[in-house]
């Protein structure tokens, strides 16, 4: 009998070690191995700076954005099983694409929930991209060798908006059609915009060709590009030494060491903490200074905290999706514009600007803002080089005094866009007249 | 660290609960509850809860119909007393043993619209924003009878509400402006042949009750009957039934599909009684009524009691002031006399019908006594257009073009004495102002003018207008005042056109039709339509008047003085305006 148990144990051990290459105990070696011998190493290093897990450092904004991307990928693939990008009129007298939306709502088990998740996650992702960018700037994390990663981040932001926008058309209802129509009409104003619009739509107007092109962009092209750029974005953060942090963090209040879990020392050198020497990065000498004390194992604290954020996002999105249904209006009808016709909310600031002046509001201002924000770190460097006003750059510190001017301008720009969006969403009624949401019902889209 | 694990655990739990909630929501559908309740009430033990789906195949499409998942008792007579949604459907065709409509075959959406495949009540009933076909409840569903059925002899058993709407469409003279193929032909207002296919029932109701609700600059009048909900609902039901996209063709209609009768019984010998019926929009001796003047025009009986619509001018005096020839022409094509009239063209009337109408109108003989005082005269003859306050905003004024004269602008009243009386006596051609000389004596006209002047000028100091005379062409004494030394020549229409584009178009419009871009910001009175041939070619509108009006402006109106123009330019502009209207007259 005992022999049998022994054999079973041996089998179990072999099985376990075929999956994992480490034990599960509290030793530093194991903690290192959990990261080092698993795919986790591709995302996170073995050891991280203590401040990385502090809520205040990032507020988890970039992570939330990434999780939303994952959720969108999963729900999106599930939705693809039920969707046809066709405007052909089906036997029920409705365009196929729209008919599929009705099916999701009524026939497909759990279909409504999936669509809600996808819709709300998409809007959430645009919002969190913006918040993440705000955080990075206000914490000065776009400087100190990370300038190009900022540019990649900006491209990712634009991709997010474009992904959301291409997805907006797919339900082929009035909201989708006119929302996209408004956006593509704005594109016409730009020099060369008519050509780009023509390539995107495959036609002179939003129609069946546009639906197919938007679909392919939405499910294949853009996610692939996005996945690749996310990899580059993450890789560069790792190579830049993790999250941006000031040179000296010894004065900062950190999460106490006990919180990171006990580390059993099974080394033969009982007095020394040999694992400190693990941290060798090319081009830098082994870290033997104060900072080494600030480094902690990524397992389990960081991984658990990241899981917390993931579960938080899933739980919150589920709650929203159970409570609120994604909008679906009547089938797209090019002959009957909704009044007002509103683009999705992230374009409503633009639409509001266009309502004042087509070229200046639709092309010049947003063009300057988008291009300006993308090369912002280089503009800063340019001014600092040519005016010789070197400011001490303190990466990873919120609202550094040295950067008050920049931060104020950046916040001002956000407030400007935010107020335009709020005006566009809530204070615009028929014929783009000013309304008050507490007096009139707000209609026309935007969500 | 333990704290983190706890948070992780709680969130995992919350995530599972919420995912569970989403699954519960997907499972927990109303029809399950309804079906259990239904079988319980019927004391059926052995049943399965299931989605009841009917696929209604029509030549054009398939209607997916799952309504009876909730409305499960629709065709079960035992469920007659049940609460909705379980109750049996009341009989559709009155007085038959077994109703020919089998819901197991035709479903519900065919008649009631909504979204047949949805199981959630709000989605299924089409209550979500923007759904093109919201649920039609009760009688309104009769709108959809004609999707399959023909209207034999204009009636269909069980579609009384729809038939009533059809009659009202004729009686209320909707047909005068709106085309419905086979019923009427008019280009005045949007065609309604596919009204039901394009618009929802609520939209149709709203468009009748408040025409400008959906189209801000709608010209459709607000009729007096719009406050009668039953009338509006019946007409809207009829309109909802007008759908180009029908489910059955002539071959497959359940009841014989007879083409609508386009040539209705007509009146072939003129009589006063026939005219009265036409006027009232009532059927006359078997002919389906196609009249309804009374919806827009009011008349007075011999006691002076006024009745009728407030949209067009009162017709009590029309035959006496206009003559029967004018009235007949006006019915057939109102724009031949008044260029901007909104009155529909009733070109389908035959001679007998026109004659009947004229003879009926000729019977109206109400007249005031010769001793009547000013206020009474004004209140009888003038008030409906010129308004109680003499401000030109009488109850029918809004639909008239040009607008009635505003006497509260005392400058105008003070300026034109002779023209004032002439206008009353002879009327103003090309406008709604008739000649009153056959109705009022000269004495009465004097009294009336005196009354208006007293009322308009009281409280104001006098107003004196400059006097100018039309420059005589080639007169050496009268030289062009700006280009001193030049002798004025006959106006040149081409130079006038150029000057008109420069100085006049902002109000009078590029076409000189009085609808320039600034005209929309002006109030009563609006810029004159200068291509209104009937107006421009009457004797009272001579070159002297045009010259005076251009040079000095028109007192009490937005027309300003143009004393910066040279005499020659003004003469050119007059020549241009004249050339327009003679062209028009040809």
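Every residue gets a Cβ built from N, Cα and C, even glycine.
As recorded in TrEMBL, the features of this protein are as follows:
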| type | residues | note |
| --- | --- | --- |
| DOMAIN | A:16-246 | domain 'Cytochrome b/b6 N-terminal region profile' |
| TRANSMEM | A:60-84 | transmembrane segment |
| TRANSMEM | A:120-138 | transmembrane segment |
| TRANSMEM | A:150-170 | transmembrane segment |
| TRANSMEM | A:215-235 | transmembrane segment |
| TRANSMEM | A:302-324 | transmembrane segment |
| TRANSMEM | A:356-383 | transmembrane segment |
| TRANSMEM | A:408-427 | transmembrane segment |
Positions on the same chain near the transmembrane segment (A:150-170), where near means CB under 8 A and six or more residues out: 65, 83, 85, 97, 118, 122-123, 125-126, 129-130, 132-133, 136, 142, 176-177, 179-180, 183, 206, 210-211, 214-215, 217-218, 222-223, 225-226, 229-230, 232-233, 236, 344, 346-347, 370, 373-377
Most Cβ pairs under 8 Å with the transmembrane segment (A:408-427), selected from A:60-84, A:120-138, A:215-235, A:302-324, A:356-383: A:120-138
Contact set, same chain, for the transmembrane segment (A:215-235): CB under 8 Å, 6 or more residues outside the stretch: 43, 66, 69, 73, 76, 80, 83, 85, 149, 152-153, 155-156, 159-160, 162-163, 166-167, 170
Averaged pLDDT, computed only over the residues in the domain 'Cytochrome b/b6 N-terminal region profile' (A:16-246): 91
